[in-house]
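*Asks:* Pulled these from TrEMBL:
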- 605-618: compositional bias 'Low complexity' (COMPBIAS)
- 61-527: domain 'Major facilitator superfamily (MFS) profile' (DOMAIN)
- 541-565: region 'Disordered' (REGION)
- 582-618: region 'Disordered' (REGION)
- 55-74: transmembrane segment (TRANSMEM)
- 94-114: transmembrane segment (TRANSMEM)
- 126-146: transmembrane segment (TRANSMEM)
- 152-172: transmembrane segment (TRANSMEM)
- 193-213: transmembrane segment (TRANSMEM)
- 219-238: transmembrane segment (TRANSMEM)
- 327-348: transmembrane segment (TRANSMEM)
- 368-389: transmembrane segment (TRANSMEM)
- 401-424: transmembrane segment (TRANSMEM)
- 436-459: transmembrane segment (TRANSMEM)
- 471-491: transmembrane segment (TRANSMEM)
- 503-523: transmembrane segment (TRANSMEM)
Amino acid sequence: MPYLGCPFLPCCHPLSPPPPLLSPSSSTPLLPHSTMHTLPPGQHDMTCMCINRRVYTLSLCLFFACLSGFAYGYDLSVISSVLPDITTHFTLTPSSKSLVVTLFSVGMLIGRLSGGPVQDTVGRRLGLAVADVFIIISVSLTWILGSRYFTLLLICRLLLGIGISLALLIGCTYLSEIAPPKWRGRMITSHELSVCIGSLVGFSTTAFTSSAATTLWPLLIGVAVFPGVIQLLLIYFLPESPRWLVTVACSTRPDVRARRMEQFNDVINRLGYTSDDDEVEGMLKDASDDTNTSTTSGDNKHVLPHHSSSTWLYRLKYALQHHLRGLILTVLVCTTASACGFYAFQSYAADVISLLTSRSLQYVQVHYLPYVGLMKLLGTIVALVLIDGRRSNNKVGGRRRLLLTSILGIALAEGVLAALLQVVDSSDDINIPESIPVILFYLVIFFWSIGLGPILLMAANEYMPTYTRGVANSVALTFTSVFEILYQQTFELMLYESPTPSLPFYIYSITCIVVFIVLLRLLPETKGLSLEDSSTTIEKAAARSNSSTDDNKMIQHDDDGDGGGMMVSPSSNGIIIRKGNDKHTTLSSSSSSNEDHVGNNNKYITLPTTDDDITPTTTTTVAAAASNSYAE
């Protein structure tokens, strides 16, 4: 008997093949049945092989992405260790010294702005290869020639910022699109954990630079070339993102479409999906919906243009028109990650602790600064454990709880810190133990690491659909870079030249409180959901918010008060019917005789007979809908 399993996998139980994905302009399948995999007779159950293949592939992808995080964390910390040696070697002025750090931030800004178009145009896999080329070239030139030419060193810092930014942005998108829902949060947080480990390794190089000659600093910077080389070698073994493949397949020429769908088959085979996996069905359904050029209702949000017009600006316009809520949430979360003052704290950690404790910078670097990295590492480990929830208690953890806890904790710690600084600044007679403000400073680092740090890397990937994911990442992380540079340039000015040194802490605390209130109202939970379901949850939350404010257009019956009543409300597609707490369906007015009721306020709908069955049985007016159904 021929194998009739899933058309995408050779490792599934025999099932009837699902209908093939159709092209938007014809009834021709995107992938002909002749290209579907078959198994020899009698070879059916290979579930264990699927699981092993999935674990191997996901481990490879995670290791690849963590190399980028390690390189980023290492460079951030090692540059602060070797900057005095660079200053001595080139006899730099303060303005020239700041260029070494600032140009890296400018490169990060350029990389974040261009990362979306790059990954949408060439794909996630090739985009990561481009990032590795930037990293290898910049670090190698710094290692070989950086000690000879200061101008070349500055150019390399700019290129390194571009490469690392591209690697972080595209790498997190790639991980999000390839990871299973129940593992996605931990995989992204593992990427953030690698940043912490890289930072600790970079800070440890201070022991070498303190006793070695100043000519050693090019070698210390050049160590970052090894993660880039390893990544470039591993590119060949990485699968492409299945979501990017199926999206491109639905918006290109037929010959390209067939090739992309064959690659899609191979990728999901390597990931060990089975025929009844909702992940594969969701990818195909999302791509199929996104490429329909017309719908019967005429109000489909997922109508994509032809591939030739899918420019970056068009995608941005499309996101603003149809996914505004998800884009706002993405920008808000990513902006808050820098607007809370974390990056300024990280850059000027020694100065801040010295101000809080009245200790010298040398004393702070030895006794207090090492704990900054440890607090960030501890917070990331907590996020790693809780971000996908706990099996024993589903109410513990999750994206929403961690993010809100993170923002509220930062707001409280910075608010108390600002109040203490103001009290000490206003009176010389009050002495506060130096451990109290230092602990509050550490709490800011800790709370950022449990929520804003890891969720910053997955916000756009979970809040936006595949078509607009790249542009949302670029826009949101560009805002992050702008605020990061702005706060880094103004932090010392507000700290030392403002009427009170507590001013920046008050600004950061108030910002976090405002964002906390907004997210408490707007942000849904997305843990355990596929990327398609996550973006749909954001849209449904917006629809519920809009419908709940229009009480005059709603009819609700719940006589016994148990929440099992029925709610009927009009929508652009027809009538929304909700029975019980979670059962709902939307029926277009075209399902009944549209020609008889056009322009009539008494729209007709079809009611279900039971809670579990939504088979149309009775047609009635909205005015009598709830009572008739409740009586049945």
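Note that Cβ sites are derived from N, Cα and C of the backbone, with glycine treated the same way.
All TrEMBL annotations are machine predictions without curation.
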*Asks:* With an 8 Å cut-off on Cβ pairs and a sequence gap of 6 or more, do the transmembrane segment (471-491) and the transmembrane segment (126-146) reach 3 or more such pairs?
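*Replies:* Judged by the Cβ rule, the two regions do not touch, with the required three close pairs absent.
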*Asks:* Six or more residues out from either end of the transmembrane segment (126-146), which same-chain residues have a Cβ under 8 Å from its Cβ atoms?
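*Replies:* That would be 64, 68, 71, 111, 115, 118-119, 152-153, 156-160, 162-164, 166-167, 170-171, 174, 218-219, 221-222, 224-225, 227-229, 231-232, 235, 238.
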*Asks:* Under 8 Å for C-beta pairs, could you tell me which stretch among 94-114, 219-238, 401-424, 503-523 has the largest tally with the transmembrane segment (327-348)?
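*Replies:* Between the stretches 94-114, 219-238, 401-424, 503-523, 503-523 has the largest tally.
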*Asks:* Grab the pLDDT values for the domain 'Major facilitator superfamily (MFS) profile' (61-527) and give me their mean, rounded.
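*Replies:* The average pLDDT of the model in the domain 'Major facilitator superfamily (MFS) profile' (61-527) works out to 81.
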*Asks:* Using a Cβ cut-off under 8 Å, which residues of the same chain at least 6 positions beyond either end of the transmembrane segment (401-424) come close to it?
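*Replies:* Those are 333, 336, 340-342, 356, 383, 386-387, 430, 432, 436-437, 440-441, 443-444, 446-448, 450-452, 455, 500-503, 505-506, 508-510, 512-513, 515-516, 519-520, 523, 525, in sequence order.
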*Asks:* Give residue numbers and ranges for long-range contacts of the transmembrane segment (94-114): same chain, 6 or more residues beyond its ends, CB-CB under 8 A.
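*Replies:* Residues 75, 79, 83, 86-87, 131, 150, 153-154, 157-166, 169, 347, 473-474, 477-478, 480-482, 484-485, 488.
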*Asks:* What residues in the same chain, six or more past the boundaries of the transmembrane segment (219-238), come closer than 8 Å to it by Cβ-Cβ distance?
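*Replies:* Sequence-distant neighbours of the transmembrane segment (219-238): 60-61, 63-64, 67-68, 70-71, 74-75, 78-79, 81-82, 125, 128-129, 132-133, 135-136, 139-140, 142-143, 146, 160, 163, 167, 205, 208-209.
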